[in-house]
Amino acid sequence: MTVSAIVGAAGLKPTLAAIMAGKDVGLANKETLVMAGRIVMDAVAAQGVRMLPVDSEHSAIFQALQAGRREDVKKIILTASGGPFRGKTPEQLQRVTMEDALNHPKWKMGRKISIDSATLMNKGLEVIEAKWLFGTPVDDIEVLVHPQSIVHSLVEFQDGSVIAQLGIPDMRIPITYALSYPERLALPLPSLNLAECARLDFYQPDRRSFPALDLAFDALRSGGVQPAVLNAANEIAVEAFLQDRIDFTSIVDIVSSTMDRMQGGSEENLEDILEADVEARRRASVLSGLAVRR
């Protein structure tokens, strides 16, 4: 097995190369499917290899799907912790700092994915990943905020049954499962104590405060190279924020503006996707240079 864990768009070509070499892939690089989901999954089918998810949410869905037939799935439900800014208004978000954004309440992650979690763009990228990984129509994918990060995702079947995967928030669990599948290895981790959890809360995402989620759904519905544009512009905008060149709310503004300026291109043409990636980065870089801190 090859584990694809390169951050960002840089993971696309190596992941495709591993697939074409006949390797099963443990996917920790969601951008590969965000940019070129159709091409990648067609290659997986053609080569007869397996694509196993490493993300906790997609690992949860992968496990829950084993409870029934794919044709009986009604919808999949991705859970999100809500990030460090859950409950904040758009006005409050204009004043948050980089240190605030990097301080995730549940997970210890790298800088880029921590910012994506804070904007909810990470969940948007995971929606696109789920569409391609599981062949789920966009209208059958739902996102719920679950602050405790105990229920990692759920699958609802057409008979009304809802299958969820629960566990403590520790990435060693989904990583080990991907590496050992179909076996389950013993891990030196504490058991989940539901009595200590006491409650499990679920909320609808605040799309006014966190418009990145809708941008991802829009990109997925638009198709073509729009998901690649979304991803590229976001990578540039997040880096600009981490360099203290723009404020937090400008991240999504830059992504939205870049998407508005770029249309066309085929999701089945790798050259179109890579060209869109380059052009989106150029446009987002210009916008990042023009953005002024409020």
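Just so it is clear, glycine is given a Cβ too, placed from its N, Cα and C backbone atoms.
Feature annotations, reproduced from TrEMBL:
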BINDING   Ser4, Asn29, Glu31, Gly110  NADPH binding site
BINDING   Lys30, Ser56, Glu57, Ser81, His104, Ser117, Asn122, Lys123, Glu126  1-deoxy-D-xylulose 5-phosphate binding site
BINDING   Asp55, Glu57, Glu126  Mn(2+) binding site
DOMAIN    1-37  domain '1-deoxy-D-xylulose 5-phosphate reductoisomerase N-terminal'
DOMAIN    51-134  domain '1-deoxy-D-xylulose 5-phosphate reductoisomerase C-terminal'
DOMAIN    166-282  domain 'DXP reductoisomerase C-terminal'
Original post:
Including all protein chains displayed, how many Cβ atoms other than that of Glu57 (1-deoxy-D-xylulose 5-phosphate binding site) lie within 10 Å of its Cβ?
Top reply: 27
Original post:
Given the binding-site residues Ser4, Asn29, Asn122, which one's Cβ is surrounded by the fewest other Cβ atoms within 10 Å?
Top reply: Ser4
Original post:
What else in the chain is close to the domain '1-deoxy-D-xylulose 5-phosphate reductoisomerase N-terminal' (1-37), if you only count residues 6 or more beyond its ends and a Cβ gap under 8 Å?
Top reply: 43-44, 47-55, 58, 110, 112-113, 125-126, 128-129, 131-133, 175, 178-179, 227-228, 230-232, 235, 267, 270, 273, 277
Original post:
Taking every protein chain shown into account, which of the binding-site residues Lys30, His104 has the largest tally of Cβ atoms within 10 Å of its Cβ?
Top reply: Lys30
Original post:
Which residues, sitting 6 or more apart from Gly110 (NADPH binding site) on the same chain, put a CB under 8 Å from its CB?
Top reply: Val7
**OP:** Measuring C-alpha to C-alpha, could you say which of the binding-site residues Asp55, Glu57, His104, Asn122 are within 10 Å of Asn29 (NADPH binding site)?
**Re:** Asp55
Original post:
Roughly how many angstrom lie between the C-alpha atoms of Ser4 (NADPH binding site) and Lys30 (1-deoxy-D-xylulose 5-phosphate binding site)?
Top reply: 9
Original post:
Looking only at Glu31, Asp55, Glu126, which of these binding-site residues has the biggest number of Cβ atoms within 10 Å around its Cβ?
Top reply: Glu126
**OP:** Take the C-alpha atoms of Glu57 (1-deoxy-D-xylulose 5-phosphate binding site) and Glu31 (NADPH binding site) and report the distance between them in angstrom, rounded.
**Re:** 15
**OP:** May I ask you to report the DSSP-based helix, strand or coil state of Ser4 (NADPH binding site)?
**Re:** strand
Subject >> For the NADPH site built from Ser4, Asn29, Glu31, Gly110, further residues of that chain with CB within 8 A of the site's CB center >> reply: Ala5, Ile6, Val7, Gly8, Gly11, Ala28, Lys30, Thr32
**OP:** Based on DSSP, name the secondary structure state of Asp55 (Mn(2+) binding site): helix, strand or coil.
**Re:** coil
Original post:
For the domain '1-deoxy-D-xylulose 5-phosphate reductoisomerase N-terminal' (1-37), what is the mean per-residue pLDDT, to the nearest integer?
Top reply: 95
